[in-house]
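Notes to accompany the following structure.
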């Protein structure tokens, strides 16, 4: 277990991957970078917050898309001027960014505090209800959105060319990944994992269990909000349907495809999802077996089903198990 | 070990940060850094440049999921029929339009179908689908989308990507033309408000309604549909005494029905509740207010018997607004020719009205979803003829589209200054046929309806909403011009 | 340890380090009792809220669509009936869901799909029996034309539910999250396949003509079909109660809800009990679906909204408790009926937000619902 072993391991591979992604815009087509990869990074960043909460906090949250949406709606409300709907505050885009992040974080504080006493399946269902409340809040309160949502949202000038949005997504993804990884070694991260494994013990040790859960939820909400900002800049609009129950479950599915217990799985899941969404129907002969673009959901459903049958840890779980198994077999062979 | 790991992740983040900084600086100097992805404009995907020299690369935006998912076949068939009739296209399959077509050409310019977008009734999804068509497959002409909020999103996309040309499909929101004002976005059919036009005139001046209660879905299309009716009914002197907007997804409508005035307190009701709500809300009305007496009710296209196949027979007698085509009882030579052309193009089409089972193509063709995409296809063909197949000068091409007047089977369509259709609206009444089915009987055709309603709606007014428009008398250009229809024959 | 060893093991080991050094001075029980004490003030808050709401509805609610109950008792009575009858439908829809959860700790996300599938099947059977596919009049629908389709639809749902359980859930019992995600994936597939098979247009089941009558109560007209729906719900509730309390299988199930290990230890074949429970739970989902399709119609999206309705009911009532499902349905039905009627007119658009505000309130007071307990 020396430095060399470390450097040949995961971090080096990931650094290589990041370097490759940085160079990608010179290698790939505009569509691949600005559509496929940018969407992958945005969805991956949002799904990573689900993984973070699940992995370190033991909370499977369906409220992350809501946080994502709140940030988007708030940016639209603050930045637009003279649009058809919303508050039309007409602020400077970066002031709007600040506003969106503050509101999202505050919402996360309130929702996190209420949810902090539940865990497991109860937490999942409570956060699903959060998502539904959020949907109706934006659908019914016309002052901040209304059913038609907020349209013609422009991104700040700094991010004008589409490729910069890609780089922004990459930067935030790398920061979130490194940040979440680093966090688990901090006092807070360790306590959070303790809370995940045995809340009663941690409480009796004097740890404030609900506070730790709330703080984790707030952090995840903040990061999901950043992803939500990227999303409205990428998409140009947001409406209540963007955060309805369907997309909410899709984000969970993305986290599940990659592997809900590994951070990098979030981006892997997003990549697989976007690839299937974009390219499946272009495959030759695939329509012969009844798979057209109209049956996209069936394909996604079957993929998730297969993954969950094979391994609850998703694609990264499957990928990890394969080499380990062969190594073990070899070891066993030499010993025998 | 943990320290080493921390160092490793630090190194990783520093590397990443520096590299990103470098890339960011590179991208920050100038907009022309040579990266293929660093293009503001779309249309260059996969090395197939957009532009006139290669002809028309057509993308069609339909919906294969969501509430209108069943109409995917219908809408693609609509455009295909136009190209088969007027551009020499041959469908690749005799039983489905989704297989595409070949051989379409207008004035020497070939029309190639590069892809069919698959929406799910949300704006997010349709934007992704149009980006795929334009940025990956290199489409330079788009026909679609299907529904209201999608239309706004696609109009915004068209505005941001001036090198494409969009002919809207059958999306019914007002804003996509009135407010967004994209110079390359054209709609050759009416909107949700237009389809309610003339109804108020008929109900007030002919049926003697002075007061009406409005109940509509609480979202853009419900608001727009109700707005058209309210503008029309109030313009001729009627009064809207109650507006109720149940949220989408309501299961039990009884509390909302209770908010409506009783049948003896009001002359009639206007309904714009769609999906399962059409029947559920009517049933709640029967439960709470009393039996349906058809002549006290009117509805928008959600009352169309083709959409509301679940409606009970009690609704017979109600008036219904228009929707792109005319009910089947009107058969002019032009309509017969159009329907025959559909039947000649395919053997069968599994459209939504036949439950997505194979049926004669004319079944789908006689309905608004098919027809909206058909008008867009005809507009594409005629606009290409107008410029001699040369679309290298987009401004000239767009000007030519704006000047088109299409002579179509269900009436003439031209565009207003916002590139939105000025159309004829067919009003009808629900009646029971001999088999006991509820069918439509056309009662009047209102010619030349435009989306401003004599100034009620303009680029400066808000979008139709729960309180807008207010109930005001005003002059409408089409009041008194309605052509009565008797036994399916327009009089005069 | 090899470098390839995965991060999960790493974390677990660290956790052991964290917790192994702890002082085990206080028992878990004392912590629980401390948590219970914390809950008490919120009970008072709930009581105050309830009294305030009652006062509002009874006397203060002028300027609301329905008006104060003291001024317009007829409307109040109708609203109460609306609440109770809708609660009946909610109860049928949610009872299967809570039954399955109570015994197996499986959150069956496919519940809504089974609901919708049963509705579609029943509609097709009814159309075949009546002999027409559109504009069916209740007068043409005999009692059997409704009951037979209902049994057919619910039967299909029950068989499919059992198949799902046998193929996908039987071998991974105890892995709650995995089971939830499996059923979620099944839902995605089923929803798409139902759209392909049954199309996107709204359909409905028609009530039998025999129950399509109206009567007058407090000066207001009321529909017998709604009471019929309530009657079926009561029947379902009573049968379920008898089954769970008066039969040996039911007692095993109740024992299983309390302590699965103990039931296993007694040598009972719990696998068979699980299968039976899933069959019954799915059948109930189907009955709910047919009732729902008769009451409000069926279309793509109905599955999602009824999964949500069931979730709301059992979250309020407490997962796994039949009593909770009944209480949750009543409370949820009450808010659904009352909030559009008794909110001030200008706020009635927010009625649906109120509904879910109720949930937040209940959960703030009792995180595991009214009759639930920690899993």
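Here the Cβ of each residue, glycine as well, is placed from N, Cα and C on the backbone.
Annotations in TrEMBL come from automatic prediction, not curation.
Range annotated as transmembrane segment by TrEMBL, chosen from A:165-183, A:184-202, A:279-297: A:165-183. Highest Cβ pair count under 8 Å relative to the transmembrane segment (A:240-260), across stretches A:40-58, A:65-82, A:94-114: A:40-58. Touching of the transmembrane segment (A:94-114) and the transmembrane segment (A:40-58) is ruled out by the presence of fewer than three CB pairs under 8 A, sequence neighbours closer than 6 excluded.
For the transmembrane segment (A:214-234), the residues of the chain that approach it from at least six positions outside its boundaries are 38-39, 41-43, 45-46, 48-50, 52-53, 56-57, 59, 61, 63-65, 67-72, 75-76, 97, 100-101, 104-105, 107-109, 111-113, 115-116, 150, 153, 155-156, 159, 165, 168-169, 172, 176, 183, 188, 192, judged by C-beta separation under 8 angstroms.
Residues 59-63, 65-66, 69-70, 73, 85, 111, 114-115, 149, 239-240, 243-245, 248 of the same chain, all 6+ positions outside the transmembrane segment (A:121-142), place their C-beta atoms under 8 angstroms from a C-beta of that stretch.
Of the two recorded stretches, the transmembrane segment (A:40-58) lies close to the transmembrane segment (A:165-183), with three or more CB pairs under 8 Å once pairs fewer than 6 apart in sequence are set aside.
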